[in-house]
Amino acid sequence: MAHAGHDPKPASARSGSPLRGRLRAPGDKSISHRSMIFGLLSIGETVIEGLLEGDDVIRTAKACEQLGATLIHDGPGKWRVHGVGIGGLKEPKDVLDFGNAGTGSRLMMGVAGSHPITSTFDGDASLRSRPMRRILDPLEKMGINVVSQTEGGRVPLTIKGPRETIPVTYETPAPSAQIKSAVLLAGLNSPGETVVIEQEATRDHTERMMKLFGADITSVPHGQFGRKITLKGQPTLQGRKVIVPSDPSSAAFPLVAALIVPGSEVVLEAVMMNPLRIGLIDTLLEMGADIEQMNIREEGGETVADLKVKHSSLQGVSVPAERAPSMIDEYPILAIAASYAQGTTRMNGLHELRVKECDRLDAVAAGLEMAGVSFEIEGDDLIVHGTGSVRGGGPVQTHLDHRIAMSFLIMGLASETPMTVDDSTMIATSFPTFVPMMKSLGAAIGD
Ligand SMILES: O=C(O)C1=C[C@@H](OP(=O)(O)O)[C@@H](O)[C@H](O)C1
Ligand SMILES: C=C(OP(=O)(O)O)C(=O)O
C-alpha cells in the first residue's frame, strides 16, 4: 500500500571486464498477467510454465484468488489455476492491491467490473498517480458503475458491475494495449459483440490468448497502422496450457549492455519476437548493432529466437512515432544506447511515456543530465546527442520505476565513473533476477 513502508535500496554499476555468457530472461510480464486472468475466467485447469514471478504478476495472481480462483504453485514458474469461468467471479472481501502494476490493475477492472460484484482497487504511490479514466470511460459505457474514486480517476477506486454488461464499439483514445484489453475482457461477459478499434496496433497478447482459450475473436487491419477487433461475448473458456516466452522488454537490458561494453559477446535465449514487441531490436539494427537471430522457432504460440549480441559501434538514428507502440517500455534503455552512439538519435512521439510508473521522459532527462549526456526535449520528442562515451554520475532518481533503475545501472557498465541509482527495489516488479543474471555475465553491478 502507498509509499509508506517503502525502504529504498540504492545500487551502483561500474565498467569492468567484457560481458560473456548466455542467459534466459524471465517470462514475459504481459503474457504472465494474462495467463493468470484467463485461468480465472476458464472452466477447468490452466497449467502455466515459465510464469514471471515478479511482484506485479504475483499481485495479479492474488487478485485472481480473491475473485475465486484456486492457485497451485508447483515450482519455479510452474503454476496451476483452477478457474471459476466467465460469470462465476465472487466478490472480493478485501481491497485488490495491485502494488506497482498498471497492467494487472487495468485489465482486472475490465474483468471484475463486468460481473455483478463490488471491488476496490489500490496500489503504491506510483500506481496512485496514474490515470485510470482511460479505463473507466469505456467501462462506464458498458454499464459499469464507478462508486468512488480519487479526483482525476486514480486508485483507490471502487467499481460495481451491472447485472448485465452492455457490449460497445470503442475506439481507444491512445495506443494502449491496457485500454484495449480492459474493454475486451469486459466484453467477454457481455452479450453480443464487443468491438475495439485502435488507430495504431498495440501488443496483441489478449487477442491471441482469447483465441487459445476458446473465444470467437477476429482482428483485421484498420487504417494505415491500426486494427479492428471483434469479440463474441459470453463464450465458455476452457483451461489451457500456457508456456510463457522470455520477455523482450527484460532481455533489452542485457542486450544493450552487451552492445555498449567493449569486447562483449552474449547470447540471450528464447526471446519472444512478436512483431508488436520488437521495435527496439529493429531500431538497434538500424543503429548498426551486431545482433544475430539464431534458432528461430515457435514456443507457446509465439516466435522466439536466441539472440547473439556483440559489442558494436552504434550510430544515431531517427525513430518514427508510429514505432512507439512496439517498443513503448524500451525508450529508457534506448536512450542509454543512444548516449553511447555517435551522433544524434531522435525518438519521436513519446507522449505515452509520461503516464508510466513515473513520467519517464522527465526521469530519463534527469538521469542523462546527471551522467553528462547532451540531450533536448522538444514537445514529446527526446533527442540524444551521443559522443560514443558517457561520464557517469548519480544518484539518478528512479521514482518507483523499475525500468529507470535498470536503464541507468546498464549505463554504468561502460561509463567513465560509476552510475548510481537511488533505489533498486522496484526492479523486483518485472525482473527479480536482474542483478544476479547481469553478474553472471561478469557485470560489476550491485549495492
Ligand atoms: O498490455 C500490457 O501488457 C502492457 C501495455 C503497455 O501499457 P499501455 O497499454 O499503457 O501502453 C506497457 O507499457 C505495459 O508494460 C504492458
Ligand atoms: C509500464 C509498465 O508496466 P505497467 O503499466 O504494467 O505498470 C512497464 O513494465 O514498463
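Glycine residues also receive a Cβ, built from the backbone N, Cα and C atoms like all the rest.
LYS356 is the only one of LYS9, LYS62, LYS308, LYS356 that TrEMBL places in the 3-phosphoshikimate site (with LYS29, SER30, ARG34, SER176, GLN178, ASP329). Looking at 1-27, 379-405, the range annotated in TrEMBL as region 'Disordered' turns out to be 1-27. The Cα atom of GLY102 (phosphoenolpyruvate binding site) lies nearest to that of LYS356, taking the recorded positions ARG34, ASP329, LYS356 as the candidates.
A straight line from the CA of ARG403 (phosphoenolpyruvate binding site) to the CA of SER30 (3-phosphoshikimate binding site) spans 15 Å. For the pair formed by ASP329 (active site, proton acceptor) and LYS29 (3-phosphoshikimate binding site), distance between Cα atoms is given as 12 Å, rounded to the nearest Å. For the domain 'Enolpyruvate transferase' (15-436), the model's pLDDT averages out at 97.
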